[in-house]
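> Quick one: this structure, given as structure tokens, is what I'll be asking you about.
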Amino acid sequence: MSAAAYMDFVAAQCLVSISNRAAVPEHGGAPDAERLRLPEREVTKEHGDPGDTWKDYCTLVTIAKSLLDLNKYRPIQTPSVCSDSLESPDEDMGSDSDVTTESGSSPSHSPEERQDPGSAPSPLSLLHPGVAAKGKHASEKRHKCPYSGCGKVYGKSSHLKAHYRVHTGERPFPCTWPDCLKKFSRSDELTRHYRTHTGEKQFRCPLCEKRFMRSDHLTKHARRHTEFHPSMIKRSKKALANPL
């Protein structure tokens, strides 16, 4: 029983007791019941001291009044939330096929085919919120490779196109250096290759004067410095992107 319900119960008992004292008939009834009558001047000594009876009566009235006053300030209870009304964390973020997988068994879906926001959450998302949260991040990758047996999924369509060329063998980026016949499936691969012809080394170590053609080579070198911090590489990249 809650505290508020208990207060109601005690107040009701007090009021019932007061009512019983006022309703006891003057004639007949058990001697014990007669003692519950309201104090009157006719009360005899065998029924006890009238002053004590009156004090009892006043005490009951005071308690009942206090409890009723307390009920005025009873806190409003907020409605409890049932698990059935909870929304799935990954609601409207796409179906299970959006999750990166190596099996490739589930078909891909377009954004128009995503789960209806008004549909009920799955039992798995309610029982295991951590799994649902993981699915939310994975479902952000909606571009799945359509090649048979490949289950890779990408967040950008351009990344999917570049990956798909691995299956088709297409290399649309030829090197323009004289007498070089190499072709590449990705533009960044061509850019790195082209620096081998020009000798350009645009990635400079922030802790020494060495330069490198590739950013990964710079990172590998910079880690050898004891005072190196990854933020140094990020600052140097921003400086290259914004020379002014």
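Just so it is clear, glycine is given a Cβ too, placed from its N, Cα and C backbone atoms.
Since we're looking at a predicted model, the values are computed, not measured.
Straight from Swiss-Prot, here's the annotation block:
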- 24-51: region 'Disordered' (REGION)
- 32-51: compositional bias 'Basic and acidic residues' (COMPBIAS)
- 80-142: region 'Disordered' (REGION)
- SER122: phosphoserine (MOD_RES)
- 143-167: zinc finger (ZN_FING)
- 173-197: zinc finger (ZN_FING)
- 203-225: zinc finger (ZN_FING)
> What does DSSP give as the helix, strand and coil breakdown of the zinc finger (143-167)?
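Taking the zinc finger (143-167) as a whole: 11 helix, 4 strand, 10 coil.
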> With helix taken as DSSP H, G or I, strand as E or B and everything else coil, how many residues of the zinc finger (173-197) land in each class?
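Taking each residue of the zinc finger (173-197) in turn, the totals are 11 helix, 4 strand, 10 coil.
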> Return the average pLDDT for the zinc finger (173-197) as a whole number.
90
